[in-house]
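TrEMBL has this to say about the protein:
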{"type": "TRANSMEM", "residues": "14-32", "note": "transmembrane segment"}
{"type": "TRANSMEM", "residues": "38-59", "note": "transmembrane segment"}
{"type": "DOMAIN", "residues": "71-306", "note": "domain 'Peptidase M48'"}
{"type": "REGION", "residues": "136-155", "note": "region 'Disordered'"}
{"type": "BINDING", "residues": "H170, H174, E250", "note": "Zn(2+) binding site"}
{"type": "TRANSMEM", "residues": "192-214", "note": "transmembrane segment"}
{"type": "TRANSMEM", "residues": "220-245", "note": "transmembrane segment"}
{"type": "ACT_SITE", "residues": "D254", "note": "active site, proton donor"}
Amino acid sequence: QTLGFFFKDAIKKFIVTQCILLPVTSLLLYIIKIGGDYFFIYAWLFTLVVSLVLVTIYADYIAPLFDKFIPLPEGELKQQIETMAKSIDFPLTKVYVVEGSKRSSHSNAYFYGFFKNKRIVLFDTLLEDYSALNKEPAEGEDGENEETKTKTKNKKQGCKNEEVLAVLGHELGHWKLGHTVKNIIISQMNSFLCFFLFAVLIGRKELFAAFGFYDTQPTLIGLMIIFQFIFSPYNEVLSFCLTVLSRRFEFQADAFAKELGKAKDLYSALIKLNKDNLGFPVSDWIFSMWHYSHPPLLERLQALKDAKQE
């Protein structure tokens, strides 16, 4: 990132965050105040609606404020993506390439959209043909020397078409196996539980007194105390359980890509992505079990190894 881009990005993020956070927080506090004994139900329904709206508009209206999205041009890769999506009944409507290289070398791919309107987004850093790092420098470019040219030539980034398809096979595995829906259900169940417990605890005067509020019980302060402090042990346990579940989902998605015949290409793609994303292949198993939502590279490669050899 250039310095100018960094500050421009930071200002955009601040403005967008405030435009969303301020009205949502204000409405939530208002609902809690006027909701009566069952305010936790109304508060949960409100946050559910807000979440669905944000998920719906994010990719089309918010993300383009920060990154440039262009349709993937007609060609072999697009045709192969459409064929693979059709083979598993994925309702694909559009495929985009996002200009992620202006931020970092991080590579990724994802899909979004509800019901029959699914779209796939590929980072330009994921594609060899789109990665800025792989482009040949213009001849006679000022300040260009042989050493720089050699480094640029030797440092390849991104994946071949077959490897991109393998990565997409993994991502589409999350959809086919219902991982996205399961995560939404778990998230909403947790949200409802938290609002219910908040309703039980909000009347406890000693919680406010512990933070110096002896005569008043401000709703916003109650939200901060209960969600940041009282729920802290619960959040740690929940985070660990979700990490374990996420790792299980990742192995299942890898297995799905393997069933599509993409084991060999996914094997090589994971190695390339780990390199491009500056990942370190070796991790302590206890640390990774607690902190890593994705299994370490070597564990994923081992799970794919037998199929790759076949």
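Here the Cβ of each residue, glycine as well, is placed from N, Cα and C on the backbone.
Predicted automatically and left uncurated, TrEMBL annotations should be read as such.
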Cβ within 8 Å of the mean position of the Cβ atoms of H170, H174, E250: remaining residues of the chain near Zn(2+): E171, G173, H179, F249, Q252, A253, D254, F256, A257
Pairwise Cα distance for H170 (Zn(2+) binding site)/D254 (active site, proton donor) [Å, integer]: 5
Among E250, D254, the one of these recorded positions whose Cβ has the fewest neighbouring Cβ atoms within 10 Å: E250
Cβ-Cβ distance under 8 Å to H174 (Zn(2+) binding site), same chain, at least six residues away: T180, F249, A253
Packing count at H170 (Zn(2+) binding site) (other Cβ atoms within 10 Å of its Cβ): 24
Segment confidence, the domain 'Peptidase M48' (71-306), expressed as mean pLDDT: 83
